[in-house]
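To start, the structure under review is shown below, and the notes come after it.
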Amino acid sequence: MRIGFIGAGKMAQALAKGLITSGRYEAANIIASSPKTDSKILSECKSLGVNTTYDNTEVVETSDVIFVAVKPGNVTKVAAEIAPSFERDKLLVSIALGITIRNIENLLPTKSRVVRVMPNTPCLVGAGASAFSMGSACYDGDSTLVQDLLSTVGYAVEVPEILIDPVTGLSGSGPSYMFSVIEGLADGGVKMGLPRDLSIRLAAHTLLGASKMVLETGIHPAILKDAVQSPAGSSVYGIHELERGNLKATLISAVEAATNRSKATGSDNLPRQSMLMRGNVYDSSTYTKSCETPKVNNNDVKASTVTK
């Protein structure tokens, strides 16, 4: 299996490292490309033992699976560049924010196999949470293949594409929310007299431990929360303050806002003629559109465990 990365940034490097350290994929069979202006990034990739190039077409021609790991604003340019070399026996996996499978399929030859993935930054430490959706032209075994690839950097789950934007709002952006929670807990520790470095470590390990309890016990977090609280104890007093501050409602709003932003980023909602660019970042200040989340049959969500 030959694997290519168009775009060699941190996420691509995390995936490449995960593939190699899993022992299931060899560095010699991985290639990554990046513009000449990003030669430092390619040097970092070379340190992993993978092949590097400035030519995106070379990546396509020498790979069976091609990860497109570029900014959303560059997807159209990349797709136009590689389309003449893209064949049916190749699988394209896009991790570009907001860009739909249909967007990419329209830029490639008919019946091209396309997968859309929403990873998150904990992939950098092998603890990611990724969701992926399959295009209509994908083979029966492509889902298993993508599952195997993504499981090298954490948990992976297949969902209908209509859920990728909500996934972006929850787990895609979720690490930033949790970093803010860790910072807030640490600030509280400092206020109460704990050293800053100790406060941060205690807060981070607390979130890590709580997460493991949810995942390993399968018990609903509300039940686990209640189990910590004793009558008139310190925990219930703390929970009271969180409820007064609308913590859960604020988190819900954060997920909703990030979901809607992900929807607005995609070219389905932002016609190319109205896209204003600041570098590789969309400026959609002149664009407004209401987005309602359609109902989805939960039976369509196929969760799977991580193979480590």
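Glycine is no exception: its Cβ is also placed from the backbone N, Cα and C atoms.
Any TrEMBL annotation is an automated prediction that lacks curation.
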Same NADP(+) site per TrEMBL - residue from S34, S47, S85, S94 joining I6, G7, A8, G9, K10, M11, A69, V70, K71, P72: S34
Composition by DSSP (helix, strand, coil) of residues within the domain 'Pyrroline-5-carboxylate reductase catalytic N-terminal' (2-97): 46 helix, 19 strand, 31 coil
Packing count at I6 (NADP(+) binding site) (other Cβ atoms within 10 Å of its Cβ): 29
Largest inter-residue Cα distance among I6, G7, A8, G9, K10, M11, S34, A69, V70, K71, P72 [record-listed NADP(+) binders, Å]: 16
Chain-internal residues, separated by at least six, CB under 8 A from S34 (NADP(+) binding site): G7, A8, G9, I41, L42, C45, T52, Y54
Cα-Cα distance linking N56 (NADPH binding site) and K10 (NADP(+) binding site), given in Å to the nearest integer: 18
